[in-house]
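Scroll down for the structure; my scribbles are underneath it.
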Amino acid sequence: MYSSQQNNSSNDEDYDFNYDLNLNSNSGPPGTASGGYAFGQKAPRMSTAMQPQPGGAGGGPASRMGTASQGGEARPMTSVSGAGFSSKQGAGNRGTFDPLNQGRGAAPALAEKADNSAEDLAKEMEKVVHSLIEQSAQSSENHEFTKALEKAKDAGKKERALCKHRESNGLADQINVDLTYAVWFNLACVYQQNGMMEEALNTYTLVVKNKNYPQAGRLRVNMGNIYFYQKKYPQAIKMYRMALDQIPNSGKEVRFKIFRNIGNSFVRLGQFQDAIQSFETIMNASPDFQTGFNLVLCYYALGDAEKMKRGFNKMLAIPIAGIVEEEDEEEEVKAVEEAEAVGQARIDSLREELRKRRKEAEHYIITAARLIAPALEKSDWTVGYEWVNDALKIDHDNLASQMSIDQGLQYLKNKDFEKAIELLKSFEKKDQNMKAMAATNLSFIYFLEGDYNNADEYADLAVRNSRYNAKALVNKGNCLFVAQEFHRAKELYLEAIGVQADCVEAIYNLGLANMRMSSPDEARQAFEKLHTIIPNNPAVIYQIANLYEQQGKNQQAAKWFNVLITRVPTDPGILSRLGQIFSKEQEESQGFHYQLESYRHYPVNLDVISWLGVWFVKHEMYEKSIHYFERASQIQPNEVKWRLMVTSCYRRMGNYSKALQLYEEIHEEYPDNIECLRYLVAICKDLGRPYDEHQQKLVKLDRQLATKSQNQQGGGAMTNMVGGPATSREREASPRAEAKRDSPKKQQALAAPSAKGVDNRGGGRLQEREEEDFADDDVNDLLA
């Protein structure tokens, strides 16, 4: 057999050495041509010298690749191996198919770093600073400025700690200058947003003076804005110019914006020539509508009509993005916009941006046109409107139509209604929008003139052409309101509010309609809603206060009238109403205060004068009451009751001689005044004077009055100012129990002194007449 091996070994070079190295098994695969053993026979493992290797267990030879010879998985000799599994089974995976190694379980936990180095710690601290800056910026975006300031301050503290850490650990060359700049810049911005201008200026100053920030000069624009906000315009201009010097010529847009800020500052200083230079610099290089409008304003301030025309033409020469020239394209754009408005098409953000820019440009143009049109020709303002209309018709026909409507409104201001109506009627053949606008104005004009039929006709025309026109709906509602159709008017007002939620005319008229329909709660709700929109409007506040007073809620009414006084502190009617409310609430001192303030602002209101006069009578201050009744007598010299009140005050004071003199003067001027005769007879009796003549006249007048109807009997009542003058019979029939309520001391003061040597038997009658003169019921009526 050995020789056979020898012979066969001579052919080993013709075969690959693809031996099976896993020979611990008792049944190995068949040998190659290098051995002649039969199947199932155990062949000895040969060494490299073709000799059996000693030391193998059980006679098994050792292998040169013997690390897996004890039953482990065989390691192949080539670099090519099976994907995911081996054809041989080891002891650990015998009989298990696991190509994805899912049976190995979870990976072991990563080993933690024992101690971070100084550089790693610095990186962690830097991440914290970045996070705080981002949080501060996000809070600013959400208008949470206080929180943003806290985060910015924390970022500043962390950044300083980071710099100290790096310096102390020899890492000064790794200090992040850009991060420091970001921290301070963010802190300054947040200071500015919180209104802390001085702190912001100090922070900006620290940044711009640092030589490590070569681009920090741009921050002087922010400093200039702060000075502009503080109305320190010279310092603002200085900062803008310093920033302008540090911006290269390549940054044209930034430079032009700074030029605009400089021009605005000069405008605030009233230096229009310097402002014009800045604005003209922009318009000659890169014109825009805002700068052009500011330039026209400066020309208008100087009163230079030719330059106003030139500046306006420059504005018109600026192209407007999004304007289409072809009619078909324009109709297509309108159709798309209407579809987007009703939700039938997806909103195009580009078209939305172009629409926004177009509206902004048209706003600047139409505002400038309205400003300069009346000022172009002082002798005839229509010349200016004609020139502006001719200039607009070239490229802006719709704006020219709006200016024509403005011209019609200018005719209204000049009380030239015929030309206004003629001009507005010319729009009946225009496009639908212009027709609706003109019809709305025509309806308004006819409504003011009291021609409600034409007003209603043009209101219908405006509503038909533009159903979503809130002003047209309000005009139609007003026509129905005048026609006493309050329910239909209310429906139109509500529809107008649905079209335009902040239509103040519709909300106010809705409140009035609810008042006419006896719905005070709904009316007050409408006025309170309107108060949230225009909180400083006196008419709205008055309606709320008036409704509360009508409902008997005097405390709420007083509250709202006090609010109204803060808006119109010199309105005598409001002061008087407030005084009456306090009198009803038994706060007479407050009521007297407001009535006195009303008299101080308007000393000819007879209601206030009579209130004050009676108030002084009620408090037995007759000298002061005489002053007010004499004032009323001066305002109404033909009204006898004021002179009778003055005489009564003298009688109450005990000055009977003066009272008698005044009664005689009144009798001479008004011989048929029965009240004067009654008091004259009584006082003559008490003073022992002859009174027969006066008595005969009194009897004669009583007989004459008895023959007349009861409605014609009120000759000369003195104190019944609320319910009308009282007749003599009403005076006689008035309850005299009021005098019994007076104290004995007061009754003694009211009684006339006895004349020397004269019987005082008629004193009781005089006292009764005095009590009737200012009865408590009458006083309460006047004070109410």
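Even glycines carry a Cβ here, placed using N, Cα and C.
What TrEMBL says about a protein is an automatic prediction, not a curated fact.
According to TrEMBL, the feature compositional bias 'Low complexity' maps to 1-10.
Positions annotated as region 'Disordered' by TrEMBL: 1-107 (among others).
As annotated by TrEMBL, compositional bias 'Polar residues' applies to 78-90.
Residues or ranges marked as repeat 'TPR' by TrEMBL: 217-250 (among others). Same-chain residues lying 6+ beyond the ends of the repeat 'TPR' (217-250) with a Cβ under 8 Å from its Cβ atoms: 185, 188-189, 192, 197, 200-201, 204-205, 207-208, 258-259, 261-262, 264-266, 268-269.
In terms of DSSP secondary structure, the repeat 'TPR' (256-289) contains 29 helix, 0 strand, 5 coil. The annotation repeat 'TPR' is assigned in TrEMBL to 256-289 (among others).
Only residues 6 or more beyond the boundaries of the repeat 'TPR' (504-537), in the same chain, are considered here, and those with a CB under 8 A from a CB of the stretch are 470-471, 473-474, 477-478, 481, 486-487, 489-490, 493-494, 496-497, 543-544, 547-548, 550-551, 567. Taken from TrEMBL, the feature repeat 'TPR' applies to 504-537 (among others).
Mean pLDDT for the repeat 'TPR' (606-639) in the predicted structure: 91. Per TrEMBL, the feature repeat 'TPR' maps to 606-639 (among others).
If you look up TrEMBL, you'll see 640-673 (among others) marked as repeat 'TPR'.
According to TrEMBL, the feature region 'Disordered' maps to 707-784 (among others).
Marked as compositional bias 'Basic and acidic residues' by TrEMBL: 728-745.
Under the heading compositional bias 'Acidic residues', TrEMBL lists 769-784.
Taking Cβ pairs closer than 8 Å, the repeat 'TPR' (256-289) reaches residues 221, 224-225, 228, 231, 233-234, 236-237, 240-241, 243-244, 247, 295, 297-299, 301-302, 314-315, 317-318, 360-361, 364-365 in its own chain, all 6 or more past its ends.
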